[in-house]
Amino acid sequence: MNESESELQARLLAKALPFMQRYENKTIVVKYGGHAMGNPELGKAFASDIALLKQSGVNPIVVHGGGPQIGAMLNKMGIESKFEGGLRVTDQKTVEIVEMVLAGSINKEIVALINQTGEWAIGLCGKDGNMVFAEKARKTVKDPDSNIERVLDLGFVGEVVEVDRTLLDLLARSEMIPVIAPVAPGRDGATYNINADTFAGAIAGALNATRLLFLTDVAGVLDKNGQLIKELSVAEAHALIADGTISGGMIPKVETCIDAIKAGVQGVVILNGKTAHSVLLEIFTEHGIGTLIVP
């Protein structure tokens, strides 16, 4: 006899119940980015996942990026992107567009998607409620010929120096789901564009989040045979960076995970945001679908 759809849903919910109980009243920060942001169907699936987390008693917080959309808007407005050491230089005109795209357009699109599920999302950035303060990022690059380090001036690219959790604690006690753009003020009065991964890590650390999820375009951390590594300690992650197993763009991602754990996050997961309902599959199944990094 074939299992009906309702019977299948009931069986899946029964399996998920222990995990729902485990995460009840816990904070889960989700960094939303990558391919999933540009796919309408994946966007709807993501919004429904966040809504179900809230309905299950979890306190979800969304932090989002938007690099491709920023680049597209700069091109549309005829502003040429400048790069130093492979990093985008953000001048005054550029940071104004960054804030417009991140805190305006993208943020409100995500808020609208979640609101369409029947839940209440609220769009924020680091400026709201003095939630986050930043300072000018200090980046260096080493000259391959002379081996001398050179300081890069990236303009209004910032690093988080302070997180005030007051507003987020208030929202956690409400029915609201915060959706946060990685833009923050400095004590100098300037506006700074902040890497969304490090911004999410700082938020999660300040809240001592149970989980921080990074939605990416890859399955997670892979071993030398290309197989997914399900769990890593911080020490094991350092060792895999040292021996070259973790390489390229995955290195800064894993280093951000490690920083978040040092800041107080209980566990950080790198997972594939291109998988529909990836958030639920990670949180409400026994083994998850990504790589969990723990202390």
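The count begins at 1 with the first shown residue.
Cβ coordinates come from backbone N, Cα and C, glycine included.
Under the heading substrate binding site, Swiss-Prot lists GLY66, GLY67, ARG88, ASN193. Feature annotation from Swiss-Prot assigns site 'Transition state stabilizer' to LYS31, LYS253.
For LYS253 (site 'Transition state stabilizer'), the nearest neighbour among the recorded positions LYS31, GLY66, GLY67, ARG88, judged by Cα separation, is LYS31. GLY66 (substrate binding site) falls within neither a helix nor a strand when secondary structure is assigned with DSSP, and so counts as coil. Cβ neighbour count within 10 Å across all protein chains ranks LYS31 highest among the recorded positions LYS31, ARG88, LYS253. On its own chain, GLY66 (substrate binding site) has GLY33, MET37, VAL101, LEU102, ILE106, ALA181, ALA196 as residues at least 6 apart in sequence with a Cβ closer than 8 Å to its own Cβ. Residues GLY66, GLY67, ARG88, ASN193 are recorded as binding substrate; their most distant pair of Cα atoms lies 13 Å apart. All chains included, 16 other C-beta atoms sit within 10 angstroms of the C-beta of GLY67 (substrate binding site). Cα of ARG88 (substrate binding site) to Cα of LYS31 (site 'Transition state stabilizer'): a distance of 21 Å.
Same-chain residues with CB within 8 A of the center of the GLY66, GLY67, ARG88, ASN193 CB atoms, the substrate site residues themselves not counted, are GLY65, ILE70, GLY71, THR90, VAL98, LEU102.
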